[in-house]
Amino acid sequence: MAGAQPGVHALQLEPPTVVETLRRGSKFIKWDEETSSRNLVTLRVDPNGFFLYWTGPNMEVDTLDISSIRDTRTGRYARLPKDPKIREVLGFGGPDARLEEKLMTVVSGPDPVNTVFLNFMAVQDDTAKVWSEELFKLAMNILAQNASRNTFLRKAYTKLKLQVNQDGRIPVKNILKMFSADKKRVETALESCGLKFNRSESIRPDEFSLEIFERFLNKLCLRPDIDKILLEIGAKGKPYLTLEQLMDFINQKQRDPRLNEVLYPPLRPSQARLLIEKYEPNQQFLERDQMSMEGFSRYLGGEENGILPLEALDLSTDMTQPLSAYFINSSHNTYLTAGQLAGTSSVEMYRQALLWGCRCVELDVWKGRPPEEEPFITHGFTMTTEVPLRDVLEAIAETAFKTSPYPVILSFENHVDSAKQQAKMAEYCRSIFGDALLIEPLDKYPLAPGVPLPSPQDLMGRILVKNKKRHRPSAGGPDSAGRKRPLEQSNSALSESSAATEPSSPQLGSPSSDSCPGLSNGEEVGLEKPSLEPQKSLGDEGLNRGPYVLGPADREDEEEDEEEEEQTDPKKPTTDEGTASSEVNATEEMSTLVNYIEPVKFKSFEAARKRNKCFEMSSFVETKAMEQLTKSPMEFVEYNKQQLSRIYPKGTRVDSSNYMPQLFWNVGCQLVALNFQTLDVAMQLNAGVFEYNGRSGYLLKPEFMRRPDKSFDPFTEVIVDGIVANALRVKVISGQFLSDRKVGIYVEVDMFGLPVDTRRKYRTRTSQGNSFNPVWDEEPFDFPKVVLPTLASLRIAAFEEGGKFVGHRILPVSAIRSGYHYVCLRNEANQPLCLPALLIYTEASDYIPDDHQDYAEALINPIKHVSLMDQRARQLAALIGESEAQAGQETCQDTQSQQLGSQPSSNPTPSPLDASPRRPPGPTTSPASTSLSSPGQRDDLIASILSEVAPTPLDELRGHKALVKLRSRQERDLRELRKKHQRKAVTLTRRLLDGLAQAQAEGRCRLRPGALGGAADVEDTKEGEDEAKRYQEFQNRQVQSLLELREAQVDAEAQRRLEHLRQALQRLREVVLDANTTQFKRLKEMNEREKKELQKILDRKRHNSISEAKMRDKHKKEAELTEINRRHITESVNSIRRLEEAQKQRHDRLVAGQQQVLQQLAEEEPKLLAQLAQECQEQRARLPQEIRRSLLGEMPEGLGDGPLVACASNGHAPGSSGHLSGADSESQEENTQL
């Protein structure tokens, strides 16, 4: 695999195990400070380790998802009750002095800010400690966090089984709540499984086995996507796969082609048989070595079929390289829980950051106020709250190594201008951290030029301090007096101002009264700014009003220098930044704590290279770092090979938003600090990336960013010699249980990496009101060339149609497996979600240029290639002489690399992605080339930037939400009208039938007397004929009256349907026009974005050309720079003109496509109107016959049993049967067409 370590990694991860004590349960008193409640409960954990559960006072089972537990604490770190009543009940103040050891606090929550504290007190001694340790192990288990799809479904089943009511039964309402997106669908699935489905009912646990639950899920969430996969891989209509088909599928589709076949051999028949035995539920299929669709579905969700290999999750990289060789998980302003101006500071944030894998936290320390004079942490010159430094250090000592044993860096931003309080800070560090605090450098790594930094392995369990260091200059130095004099003057002025004002908080400014001469860090140091400068801008009104709050511009300037020394360039303007614009100088006590992380002011990469001190590091605000990244990217990479660099957000991010960390990982910056309290895409990417390598907080940088003999340009667009590029295709097939609402869902696929590798906002269409089991199965998203896969990450995220976040997953590109896989989604804080998942298909492989594909195929299957050569030789022998054939064979063998013919694919299984066109590779010209690009290359550049915008097809617009709502309303209106007509028709029919029956009875009575004598037979016959004639005329009148009513009703329905059709056509036309307007707006935005992107590419090429020119002959440098600028202007003008021409052509194509859609709509309108008129006419023509048949029937007595007669006899309106329902179905079909 690209970027993998040689050999097979020995997996160290272990699955979660629940000890007997937790399964059996223990007695605790659960107490709550807010409600003053305390209840005796029995805590238990289910055998799988999914949930912590207990029975509350209402006899309902409460559960806590163990994966949401962020920490467990006992002893002095657990929360103590403050309520006197609770303290009395728990026994505090009594003779038992070991009560603290019985306390346990469970911290849980969806993110580090919104945490919930559950407080327990064990009844027996030592119970709390066992529970705290075991619960924490379960919560932090990496395999549990990355469980298979089947495991998460089993987890949902376990929750339902645990949450029983007082009778020990499973309430149906809990099932409806778990699958709340479509409750009707849930009820139908429960009923089809023979289970109770009424909300008020409950189910016996023995009736709800795991097999029944799986059957319920299959009924609830139909899977046509898996049926299609089975068909594609060779089932061919059969409901099963044979052993050979399954083995071929796993070896050809599910196998990573980048793996070595010796170290990772293909699946053998015996192994495939074991998979069938594990996943196939049907015994008959099992006996025949076959896998059914249900067994295949289980296999896809099994642990063997994860999207990532387990070694990617394990601690699998070399941890013995210098610290500078790693990306280190870092936090900025760790104490804040919200914004930068008025947010709340919290000690808990330090715990949560460290537990989340952060290895570098920031401490902004300020001088404490009398009388305590305790240093505290806050964000200076803002209204953020304060927390004591001592509490923070104790929290760090408690949690520093609970999730990772590797070193923690304390990044001090020191504003304590009191020698006494700085000494107190140092003493706190020594006493609280003890032996964990690294004070003296390691013997193997002295603080000397050229000596590399120690490794994370060397520093395991150690805490390092980053703080300005005090250096004493040599006594006989030539410029010592020159340095000392201005500093002494500055210090005397500061001392006088300190004596006059005695400020003690950052809100009023903190003068550097303890600044001492000679604090140079080996570099020239400028004068301190007058300490009371910020007060000039306050005025009396500002002082009376309260704390001085900086504006965004001031904050950016302040943050820009927060960890650097003062600017020494007198030409640069100064600003009123307050004392927080620079740290105060360190005293001797704090300086002795600094060793391998010594901050210095950054001057240039050349100066740092000459000093060659690996233990010196510099901090960059993101804007300055971007400037260096843009101007000198390769030098930045070289700097980060030896020394550490820390990047932090600019001060204008007052909302605590984050920059994209990938920008600075690309140049090898180690300490890329982010605001952990803001879970935006940048923080989500950070959390996802640092999940790997055992969540150690350290990720080894790619080899080219570490080796001193290799140079690396992060802006390269070509394959780098020695780095195996990758190709990746991702097809989003379907989703399952993505939301608890009945809404549309869409999926975005992004790639983050080098600029050439980064792709944003690939997106599927939005499903139509289906969040249970949407199926997309669209064209794949293609990433044809990933230049540096070990630094690239894939993000797959699902959203509701309104843009609400559903879940996402961050995957390292170099570890993604090929084939069909479930991606179980995570929340913003990277915690696993139980039910939401996506089924995707991936093709991951080593990148091969198109002109080398034939060579690659020959190397993959050399036997087939040689056989093809032999076959060609034999064919030649039949046409020419034997001797010439031999010569031709030799020639063929000599030139086979140039004459490789087209070969049939060695893979007999068709790919679901074969139908999609392959994206052409990007331009192969180096952006650093100083020659003007050829027209063909420039056209490739335009094509790579330009995105196509196609008009929305009419069929897709018919599914628009507005049209769906209109159709629903029209169908409801038509149903109401028909019900009204049916009632009238049934009433009239009943009256007519009664009249016919009465008339017939009267006629028989009149004829009956004549039947007693035989003398008047002729007269009786005549009377009978007259009676029959009168009866027939009466019948005709009855039929005619019903016919007139039905004709009027049919005409009314026809008129209503015509109105509906015209409304629907009008609404469809409006939808088309709205879609066209939206596309034009989007096209305009795309035009601007493409122009900016083109300009960025051209500017980057110019910068690279200038950099190359500077490294060549200095005498020709000026002339060459002038020529580069001239060519840049010419190429920019020409490229923008070509881009505008291409954009105009794209606009014309879009207009033509939209006109075609409107023309299609215009052509369909008369057809639909004519079709409706014909349907109504035919329905009217059928009325006489239908009414006579319904009213009179075909019986000789004259009274039939047609639908209307039946309805009239039963006394209710007809349902879906009969002649009245035909128009209804026609209307539904007509609406479906729209």
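Please read every residue number as a count from 1 along the shown chain.
Cβ from N, Cα, C; glycine included.
Noted from Swiss-Prot: of S474, S906, the annotation phosphoserine belongs to S474. Comparing S209, S495, S867 with the features listed in Swiss-Prot, the residue bearing the annotation phosphoserine is S495.
Looking up S926, S934 in Swiss-Prot for phosphoserine, the annotated residue turns out to be S926. Just one residue in S292, S490, S645 has phosphoserine written against it in Swiss-Prot, and it is S490. Around the Cβ of S1105 (phosphoserine), 22 further Cβ atoms fall within 10 Å across all displayed protein chains.
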